[in-house]
Structure formats: C-alpha cells, structure tokens
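**Q** Once you've had a glance at the structure underneath, I'll fire off some questions.
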C-alpha cells in the first residue's frame, strides 16, 4: 500500500510595499535655512541668538524663506563677524535698514546690560558700605565700651582701694580705740576691785574686834559642876575648862537676868538695829550651849572607853 501524505498548501500573503513619505515643505525650509522658522499662518520669521552676550533678537516676519535667511545672515555677520556661519554668501551693507535696526537693538541691549551691571555693582557697594559702617560702628562702640569699662574698672578699683584703705584705717583706729577702752575699763575694774577689797578687809578688820568685844560671857559654873558629877558617874575624864572660858556665858546670864533693862532700853529709844544685833548674839550663844550638850550626849552613848581630849583654843 502506498501512503500518500498530503502536504498543506501554503497561503500566499501579499507583500507589503514600503511607502516612503516625502519631506514636508516646512521641514525642508526649517532644515535648509539657519535662523528661520515658519509660523502656522505660512509666513517666515527670522531671529538670531547670541550666547556670548545672552541676546535673542527677533529680526522680522517675511513672506519667503530666502528673505528671512538673508536677514539672519546680515545680523550674524554684524554680531559675530565675517567668519560666522551663514545661509548665503552675502555682502553686508552697513547702510541697510536691517543693519541700522540691528545696531539700534544691540546698543539698547548693551545699555540695558550696562545699567544692570551698574545697578548690581552699586547695590553690592552699598551693601558692602552698610556692612562696613555697621562693623565700624560696632567696633567703635565696642572699643568705646571697652575703654569705658576699663576706665570704670580702673576708677572702681581705685575707689575700692581708697575705700578699703579708709576702712582699714578706720578699723585700725577703732581697734586702737577699743583696746584703749578695754585697757581703761580693765584698769578701772582693777581699781574698783582693789578699792572693794581694801574696804572689805578694813570692814572685816573693824568688825572682828567689835564682835569679840561685844560678845557676852555668861557664867557656866553650874554647868561645869553638873558635867563633872556626870563624868564621875560615867568614869570618864573630861577637861573643858578652857573651852567655856572662850564663850561669853557671863554676859548672856547678865542679859537674861536683866530683861527689864532691855525693855527700859527699848523704851528709851534704842534703835532697832542694835536690838537685832543683841538678839543675834543671844541666839549665837544659845546655839553654842546646845551644841556642847549634844556633843556630850553623843560621846557618852558611843563607848565606855576613856577619852583624853586636849583643850580647844
């Protein structure tokens, strides 16, 4: 058997024909002439730019592209010289109305740039002057302030030195015065103390003989006899003879026996001070007698031993 393979039929596609678009008139004119552009209305405009002087100048509107290109060539040669790129080989006539207009525009442009430059320079100079003035004013004020503060410090230091010296002098003077017053007060105190001591010593020396002279001496013979009898009973030997001689028992007994005399003395106008003095002396003598009796009782109660006491002077 024969096997037959059917080959698929190839579909024939039509070849694409590349259609090249022709150049547009606008693009042709734009690429053909330098410095020329066409408006939507169909007219042509010529303008020039100068990057060195930052100038963009509108040269005018023309009906054809060639006229606009020639205007550009004249402006370019006037601005940049004869070696610049132009659309045509042209000879520039300096008396043409385009050349005069270009000169007028260039002069105005140069004046404007100069004016701007002058304004910028004046503004910078004025700003610099103001800054200099402010700095100079600040420096002068600071210098004057420094001078003022320095002078003030000198004056204050001098014044403080004067005041300190004056205060030191015053304090030293006050110290001398205080020392002198202390010395005087000490001397006066010592004088007063000496005087008081002398007065006290004289008063004591004057009072001692008066006390001994005015002391009463009562008669203690009965007491001595009773004491001797009691001492014999207790087998204790006592010797108080000289002691009782020192006490003014005789005068005390005389005063006790003479109470009427005391009343008479009071009636006669004896001063109250003397009466108090006499009463004090009587109380002192009674205290001495009571002390002796208590001492004797204590001695008798202590021991039965014999005591040999030396006479008290």
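Cβ coordinates are placed from backbone N, Cα and C, and glycine is handled just like the others.
Quick paste of what Swiss-Prot says about this protein:
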type	residues	note
REGION	1-29	region 'Disordered'
COMPBIAS	1-10	compositional bias 'Basic and acidic residues'
COMPBIAS	11-24	compositional bias 'Basic residues'
DNA_BIND	32-89	DNA-binding region
REGION	108-143	region 'Disordered'
COMPBIAS	122-143	compositional bias 'Low complexity'
REGION	157-204	region 'Disordered'
COMPBIAS	157-193	compositional bias 'Low complexity'
**Q** Over the DNA-binding region (32-89), what is the model's average pLDDT?
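**A** For the DNA-binding region (32-89), the model's average pLDDT rounds to 83.
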**Q** Can you count helix, strand and coil residues in the DNA-binding region (32-89) using DSSP?
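**A** The breakdown for the DNA-binding region (32-89) reads 17 helix, 18 strand, 23 coil.
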